[in-house]
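Engineer: Quick paste of what TrEMBL says about this protein:
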type     : residues : note
TRANSMEM : 12-30    : transmembrane segment
TRANSMEM : 50-76    : transmembrane segment
TRANSMEM : 88-105   : transmembrane segment
TRANSMEM : 145-168  : transmembrane segment
TRANSMEM : 180-199  : transmembrane segment
TRANSMEM : 228-248  : transmembrane segment
TRANSMEM : 260-279  : transmembrane segment
TRANSMEM : 285-303  : transmembrane segment
TRANSMEM : 308-326  : transmembrane segment
Amino acid sequence: MLLKTLKSNQTFHFLLIPLIAGALWIKSFMNPMPFPFYPGEDSMLLYQPINALIGKSTVASNVFALVFIILLAFLILKLNVQYTFIRVRTVLPSILFVLITSGLHELHAMHPIYPAALFLILTVDRIFNAYDKEVIHSNAFEAGIFLAIGSLFYLNLVFFFPFLWIGFLIIKPKVNWREYILSTLGFILPWLAALAYYAGTGQSEDLIGVLKENISSHQSFLVANLPIQIYLGFLGFLTLLASFLILSQYDGKKISSRKYFKAFFWIFLMSCILIVANPAVSQDIIVLLAIPLTYLISNYLIYMKRPIWGEIYLTILIGGVIYLQFI
């Protein structure tokens with residue numbers, strides 16, 4: 001019954017996004033805790049003003065994070081409305097995004113991953129927007145700029161640079177050399193501006209230190225954390241089932257939808273590679289993983305042959321997220 005409600009397209013369902021997010025975060029507001037940053041994680045150039053604004057206020061940190069979660073959820077909804085890769089108007093992807101990201105209570109505090117995720121979504125929008133265009137110079141340049149700005153909040157977004165080229169190749173197979181240059185130039189310019197700022201203010205050594213710390217730090221958020229392991233294992237199980245379904249639907253989907261899901265696959269793959277390859281990556285990467293997973297799992301829950309299983313899976317997910325708030 002719950003899944004059936006969320007699959008429908010009623011205007012009042014938009015209110016469920018902030019209501020569900022707020023309900024899941026009540027305990028965090030009652031007992032606010034700061035995010036356990038490793039050295040340098042909160043010191044990237046564009047995150048510094050946010051960090052200074054929040055100060056030592058854990059409540060302000062929670063408020064900022066919640067606002068970003070709700071904003072990101074609505075942007076995820078907007079993408080599907082605009083590009084309809086799931087051929088149903090539904091708030092389900094946004095609700096799933098809120099659920100998946102709310103499962104890890106440490107992410108109820110403000111983190112650089114949130115503005116980075118916002119700019120990753122804007123990058124995806126610029127790439128998808130190129131599908132029906134003959135000339136995509138502005139799309140390529142803007143996508144590069146958005147991704148670079150996001151990486152100045154959260155350094156690991158730098159490693160998504162190949163997605164610029166891969167994404168445009170998927171959406172527009174006949175991309176010419178100008179798009180490669182423009183997307184690369186768009187990515188480089190914000191970093192050049194940042195380097196000029198650090199050099200001009202005599203903080204070059206500080207920048208080098210921050211970059212080293214963001215790459216060399218070691219995180220182990222999964223070690224000896226059985227509830228989180230089970231939670232992520234269940235998400236992995238849903239991802240596997242959803243992947244099998246979308247592969248079976250592949251030939252029946254519109255060409256544009258196939259391309260969009262291929263692009264999302266690369267975001268998912270790059271996030272997984274980062275988890276394995278970069279020891280500094282911690283639970284924050286779940287926010288980026290949640291972007292493609294919300295669409296993939298939504299597609300599965302909407303089109304599965306036996307809806308009763310969808311109700312069961314969604315109930316388990318909600319129950320698991322609520323349980324994680326109280327351990």
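Just so it is clear, glycine is given a Cβ too, placed from its N, Cα and C backbone atoms.
Quick one: how deep are these features, and who are their neighbours?
Structural biologist: Within the same chain, residues 5-6, 59, 62, 66, 69-70, 73-74, 77, 91, 94-95, 98-99, 102, 105, 108-109, 321-322, 325-326 sit at least 6 positions outside the transmembrane segment (12-30) and bring their C-beta atoms closer than 8 Å to a C-beta of that stretch.
The list of residues near the transmembrane segment (50-76) in space but at least 6 beyond its ends in sequence, with Cβ under 8 angstroms from a Cβ of it, reads 17-18, 21-22, 25, 28-29, 32-35, 42-43, 93-95, 97-98, 101-102, 107-111, 114-115, 117-118, 121, 287, 291, 294-295.
Packing against the transmembrane segment (145-168) from elsewhere in the chain are residues 44-47, 112-113, 115-120, 122-124, 126-127, 130, 136, 139, 175, 179-180, 183-184, 186-191, 194, 210-211, 214-215, 263, 266-267, 270, 273-274, 278, 280-281, 284-285: each is 6 or more residues past its ends and has a CB under 8 Å from a CB in it.
Same-chain residues lying 6 or more positions outside the transmembrane segment (285-303) and placing a CB less than 8 Å from one of its CB atoms are 3, 7, 72, 76, 80, 85-86, 88, 90, 92-94, 96-97, 100-101, 103-104, 107, 111, 113-114, 116-117, 120-121, 124, 156, 232, 235, 238-239, 241-243, 245-246, 249, 261, 264-265, 267-268, 271-272, 274-275, 310, 313-314.
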Engineer: Is the transmembrane segment (308-326) packed against any residues at least 6 beyond its ends, judged by a Cβ distance under 8 Å, and which are they?
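Structural biologist: Beyond its ends, the transmembrane segment (308-326) has Cβ neighbours at 1-4, 6, 24, 27-28, 96, 99, 102-105, 227-228, 230-231, 234, 238, 300-302.
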